[in-house]
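Report on the structure given below.
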Amino acid sequence: MKFATRAIPLVLSASTALAAGTLEFSLGSERRSHFPDIAERDVKGTSESALSTNYANSVGMRYLVNLTVGTPPQPQTVLIDTGSSDTIFVAADASFCSGKSKSHCPGGTYNTSASSTFKMLSPDGIDAHYGVNATATSGEGGIDADLVTDVIQVGNIIVGGAHFGVAHQMDGKFLGNGDYVGLLGLANTLQEAVKPGQPKYPTFVESLVGAGAIASRVFSLYLNEVSSYGSILFGGVDTEKYTGDLMTLNFRPLVLTTGESLVSYSFMRMEEVSMTHEDGTQTALIVSSGPKLNVIPDSGTSTWNVPTDVYNTVVNMTGVTVSGSNAALPCSQIPNKTTFTFTFSGNGENKAKLEVPLSSFFIPASRADGKGVVRMGGQDMCLLMVAPSNPSSGVLLMGDPVLRAGYWVFDMDNGQISIAQARLSSTSSNIVAVEAGPHGIMNATRQPSGLAANQTEQVAKTATASVSFSLSTAASAVGQTSGPQSTVLSGGAVGSMLDVTAMMSLASALLLSVTFGAFFVVNIVC
């Protein structure tokens, strides 16, 4: 999910705390589940927390985390988003939360007047718009929010002076069915949607560093398979959550119209993608000699966005039924032994490979009311979460279907990302903290130096805080859990059957909600 307050003319360049401080919390898919008993665990100074997964909706797999804000603490459930920078909570007086029979803000709201530690920084200071090439006057939706500070608790860590937005107006559907939820923005400061003249502020990750909770702007993302909780680990790496070695890639820099080259977005290149069928034959979807495809690994996007020709090939190979840009298949007919092989590169020589099963690109087609799965001919239907996209920016969003297969370590200090094949459903843990400085990830994991990368481009720095940070330990942690999670949709299976028209109408509504595109205007120079 991407946000911007205005079009930013950019060009993608062709050139090539606490020492043991880490903070981890668990993730789960957005479909309804029942929380197991809280499993608190302190491993080498870490704190593990869980995603709230008890909200049914029609937008597919989304990943949420529980935290609290304010004094006394007010519980919140927010969507994690590696593609945007602003942390946003829904205002308690937001009119869009009110419904005839239910609240449209199931993740909770934030009452600023009920918090003794709240401080206003800039009324209406955030003006975020999302959608394909969104600007201040266009896009598929937006957020108007006050810029404030207050305390935020994640796991057992309480950070004072954290900066975030309080939304009084939201357009678009973040959860489907007209429901809204807050956001935990994890991208670089430059992507913040502050109004013109408003200085950039420390992101959530930068607040953790500023408070001394973690040593560097590093976090690891492990979405895991849908049936189990995953994790997001701030300031460290869990070496039991992946197989093989982490391969480090340099994020590709942008060249602003001023001529300055800066690594400020999570751009990398998708060099090759091949599809291996159940009979062992292969189909090349993307080749290194073809057009250069720049992608952003985006946990706020539920689809893998690809050029139209690639989408058509995937559709033909999987046998899905297509209506417009939407595609569906009986869940029992998904070719479970078909896999994709992705090859990524950055601004350097290193390349990383990732194997992704075809099944990762399908989700059950939930009813519009969230109560059960769409059925045709007595069979549950699944939707293909691959979407055709040819944005003028030349940048594609690579969402959760691909991210689930990997272990991703984002290093904002060094403008890098390290990738390995995820060890799905891992029950073991070995967390190591990443210290500040070059090659911190390689040093922490004791991997061969040949897997490291040297970023030669300038990397965007941390924003200056308008208030001082503080750090304390909570008496009890929030959102800590592990193990399997239920994936039963609210209301269970639905006995009534929908015809093809109704099913495709639902699919259309679903994909409209999940394929928010790029966030700014860029010109690619390859």
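Including glycine, each Cβ sits where the backbone N, Cα and C put it.
The active site annotation in TrEMBL covers Asp81, Asp298. What TrEMBL records for Cys331-Cys382 is disulfide bond. Taken from TrEMBL, the feature domain 'Peptidase A1' covers 63-420. Taken from TrEMBL, the feature signal peptide applies to 1-19. TrEMBL lists 503-525 with the feature transmembrane segment.
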Which one is it, among the recorded positions Asp81, Cys331, Cys382, that lies nearest to Asp298 (active site) by Cα separation?
Asp81
I need the least crowded one of these disulfide-bonded residues (Cys331, Cys382), counting other C-beta atoms within 10 angstroms of each C-beta.
Cys331
How many other Cβ atoms sit within 10 Å of the Cβ of Asp81 (active site)?
25
Enter the number of other CB atoms within 10 angstroms of the CB of Asp298 (active site).
27
State the Cα to Cα distance, in Å, between Cys331 (disulfide bond) and Asp81 (active site), rounded to an integer.
28
For Cys382 (disulfide bond) and Asp81 (active site), determine the Cα separation and express it in whole Å.
24
Across the domain 'Peptidase A1' (63-420), what does the pLDDT come to on average, as a whole number?
89
